[in-house]
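Colleague: Below you will find the structure I want to go over with you.
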Amino acid sequence: VEVDCSRFPNTTNEEGKDEVVCPDELRLICGTDGVTYNHECMLCFYNKEYGTNISKEQDGECGETVPMDCSRYPNTTSEDGKVTILCTKDFSFVCGTDGVTYDNECMLCAHNVVQGTSVGKKHDGECRKELAAVSVDCSEYPKPACPKDYRPVCGSDNKTYSNKCNFCNAVVESNGTLTLNHFGKC
């Protein structure tokens, strides 16, 4: 669902860039990137700030996982005791909570058995790649002081940074090894 961002006011920030001004109220929505936003306005803010085109998937928080029953897939045990799940080659893509697209639910179950992991099913269909092309421009950083506004981003270190300024300062400090994981809290 496309969010009408024109209903939220804009202002010019200290860097001279247009910025969406959001109310403090909490009306959680789930974006098509699988991230929960505090308000439709915050989704508009991130789209403007980072040049993305994320839409609203639904009202309320994003669901963590969708139930899946791996016991329904046939399996075999080899002589050395290794269990293998037997999957078809059907393409009925599912997105794992690890951000990887699996050919079908059975292949996700098989991955967990082989790797000894417990990756859940985030949703049916391919994982969305909205964030794959998103990079944060930190060329104007580091800055000696950052504003106190709370517009969280999650870094590749699984740490929540309160805003772009704090995140970019950390990127510079990491010599560029820190990247954007997703918008919102980790």
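Along the chain as shown, residues are numbered 1 onward.
Just so it is clear, glycine is given a Cβ too, placed from its N, Cα and C backbone atoms.
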Colleague: Going by Swiss-Prot, tell me which one of Cys70, Cys106, Cys109 is disulfide-bonded to Cys87.
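Modeller: Swiss-Prot says the disulfide from Cys87 goes to Cys106.
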Colleague: Can you look up which of Cys127, Cys138, Cys165 is joined to Cys146 by a disulfide in Swiss-Prot?
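Modeller: Here Swiss-Prot pairs Cys146 with Cys165 via a disulfide bond.
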Colleague: Rounded to the nearest angstrom, how far is the Cα of Cys186 (disulfide bond) from the Cα of Asn10 (N-linked glycosylation site)?
Modeller: 27
Colleague: Listing them in sequence order, which of the recorded positions Cys5, Cys22, Cys44, Cys70, Cys95, Asn175 have their Cα within 10 Å of that of Asn53 (N-linked glycosylation site)?
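Modeller: Those near Asn53 (N-linked glycosylation site) - Cα within 10 Å - are Cys44, in sequence order.
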Colleague: I'm checking region-level scores; what's the whole-number mean pLDDT for the domain 'Kazal-like 2' (65-129)?
Modeller: 87
Colleague: Determine, using Cα-Cα distances only, which of these disulfide-bonded residues is closest to Cys44 (disulfide bond): Cys70, Cys95, Cys186.
Modeller: Cys186
